[in-house]
Amino acid sequence: MNQTASVSHHIKCQPSKTIKELGSNSPPQRNWKGIAIALLVILVVCSLITMSVILLTPDELTNSSETRLSLEELLGKGFGLHNPEARWINDTDVVYKTDNGHVMKLNAETNATTLLLDNSTFVTFKASRHSLSPDLKYVLLAYDVKQIFHYSFTASYLIYNIHTGEVWELNPPEVEDSVLQYAAWGVQGQQLIYIFENNIYYQPDIKSSSLRLTSSGKEGIVFNGIADWLYEEELLHSHIAHWWSPDGERLAFLMINDSLVPNMVIPRFTGALYPKAKQYPYPKAGQANPSVKLYVVNLYGPTHTLELMPPDIFKSREYYITMVKWVSNTRTVVRWLNRPQNISILTVCESTTGACSRKYEMTSDTWISKQNEEPVFSRDGSKFFMTVPVKQGGRGEFHHIAMFLVQSKSEQITVRHLTSGNWEVIRILAYDETTQKIYFLSTEFSPRGRQLYSASTEGLLSRDCISCNFRKEDCTYFDASFSPMNQHFLLFCEGPKVPMVSLHSTDNPSNYYILERNSMMKETIQKKKLAKREIRILHIDDYELPLQLSFPKDFLEKNQYALLLIIDEEPGGQMVTEKFHVDWDSVLIDTDNVIVARFDGRGSGFQGLKVLQEIHRRTGSVEAKDQIAAIKYLLKQPYIDSKRLSIFGKGYGGYIASMILKSDEKFFKCGTVVAPISDMKLYASAFSERYLGMPSKEESTYQASSVLHNIHGLKEENLLIIHGTADTKVHFQHSAELIKHLIKAGVNYTLQVYPDEGYHISDKSKHHFYSTILRFFSDCLKEEVSVLPQEPEEDE
């Protein structure tokens, strides 16, 4: 690799001490005018040399305080972002956790803080999670926490009296030292709910006896109030499958029945003489799915459980429930989705009678996105707001806010669109009935950022950006959370600089209090030579698609650099954003002078449905085509070394990377795939069927989308496969099938297995995991230095 040579800054230019006049016999005389001119010329030349040295000297010489980023530093405390877990407990008070572990209460009107729980409490009881009761008198402390799937975990729980220090265990009746699947406070006073052996238990307060609300729970078969794997990972994106009414008098919950769903077996190889196996229901594409029912149980007086029925169209079909929300003390709004995921019906159900009325139906020729979105209702239920796809000329459909007005007598609904444009409304946050304003996050300011906006729901529908002028050099990517009465809001700055959390008044957003600065991270970042980022827009098949390049800090366009292309983990995601990002690839950029590229091609999200849904029935081919087009563009840049290209992907990204590597286009010297999906038939039903349909009807589509089909294209590739054997999301079966086909085709590969590790590698193995990836790319991408043959010595 060409590098700028080191040059000393101390340059001395001295004139000769003796200047003789030539062609003169007379005694030496000094020509003072000539000497002065000569000295001036020498000084000018020295100045120019010094200036050019300063301009051409790399950053590491001009700023010696900056150091390169190491993996040890990346995984150390200095690079840990602190999440204060801030949440509203009423309209003026926020509860959060400081970076040193104290649990505090902050008053939004006075900025006064109160210590609720000392950090020593967590140490004393070895607790890693906590939850405060609504009356702030007690705290649930979780210890011996063991992760199950992405969101779910088991734990043992203590109830701790904040004022007296009194402690007692939370156990079901006649059970000691229990391990619970879930435990949390209700919405009023000291209400408690917990789940044990797939059944829901309820306590009106901490002194009361537990009441078992369900009895049908059965391990691995019937789940009450918590999600099975499919609902947790692909549908609810949470392990919580129950919802409190605002007054705490009712509880809605799902009963998920997996009795017909085939089980997946995950062996545990270490720690015992014979391997043990864990089984859990996992429906693959086209296989039997879980059935689901929605119930509401009355918690005051005699317990009474009522089933809320699906719309008639779904009674004889398979369906999912993807969203449940209380809109009053007795009414819930529910989203029902058919198995192909192209028909969605929104109903409002009266929990006292079980009667449900249809409010909105959506259909699609592909699939319906934003399945979990919660509508925002007015207090009297006469109007509600949610995002719907709206056509914006040739750019296709974008998600925008619609206001639905319900006629009280006829139940007819009129719709008014509040926003429009070639940008996306990400999420509706709140509706203020006093000001008639709706608050939301959108990409209007930048498709790669997120800003907080308000819009009037009456008159001219004027729209204001609330966050656009807040620390705009540091923050262009936001999230927000409003207090119950919308008088205040928390603003979460997530980039491009180090994230921070601030508290604002809705009436005067410029008046704010910084709740979390992440000062340690900020201080650490200032000492590091981190990458410079640049975003370019590529025009591919009438689409404008963003490419992000991360350059080494010492980047010079005259030099040539290796390139790493990183593929997104999920379809519908967004790689090119203004979020703060420091990860293992930052180490590679810094230590090996590699340029890292991220590209949002077709199939990516937040650029309209036309871009997103191009992959329908064409999964793997469209994404690969666009990523290859981005590589062809980069190869035209003089600073990219065409002989040193590499690719990385995890999960679905590993699948796309494999499809690219086996294609006819041979650009890459090496590639790494982590937990790669190799065949969509082997993956989750809700995921595969969303994009490809049912295997029984789309056999050729599934075959064309499989990495295992025509795998000879990988013969010339230098491939590293990494997989944990206990991966419950992308099973090791995917890598086993891939390896079997690679061996059959005579393809060389390198395999790194992590015994009993899941999709997310644990902290104890993380250093080895990242070291393996970095070492592989470092060896692959190092600059080849050709050695000139030595000439034979001549005989004397």
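Including glycine, each Cβ sits where the backbone N, Cα and C put it.
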Stretch carrying region 'Mediates effects on KCND2' according to Swiss-Prot (options 1-55, 111-165, 606-660): 1-55
Per DSSP, three-state class assigned to Tyr143 (phosphotyrosine): strand
Neighbouring C-beta atoms (10 Å sphere around the C-beta of Tyr143 (phosphotyrosine)): 14
Other C-beta atoms that fall within 10 angstroms of the C-beta of Asn748 (N-linked glycosylation site): 12
Asn111 (N-linked glycosylation site) CB neighbourhood, other CB atoms within 10 A: 11
Close recorded positions near Asn119 (N-linked glycosylation site), where close means Cα within 10 Å, chosen from Tyr143, Asn342, Asn748: none
Cβ atoms near Asn342 (N-linked glycosylation site) (within 10 Å, other residues, all chains): 17
For the glycosylation sites Asn90, Asn119, Asn257, the one whose C-beta sees the most other C-beta atoms within 10 angstroms: Asn257
Between Asn748 (N-linked glycosylation site) and Asn90 (N-linked glycosylation site), the C-alpha gap once rounded to whole angstrom: 61
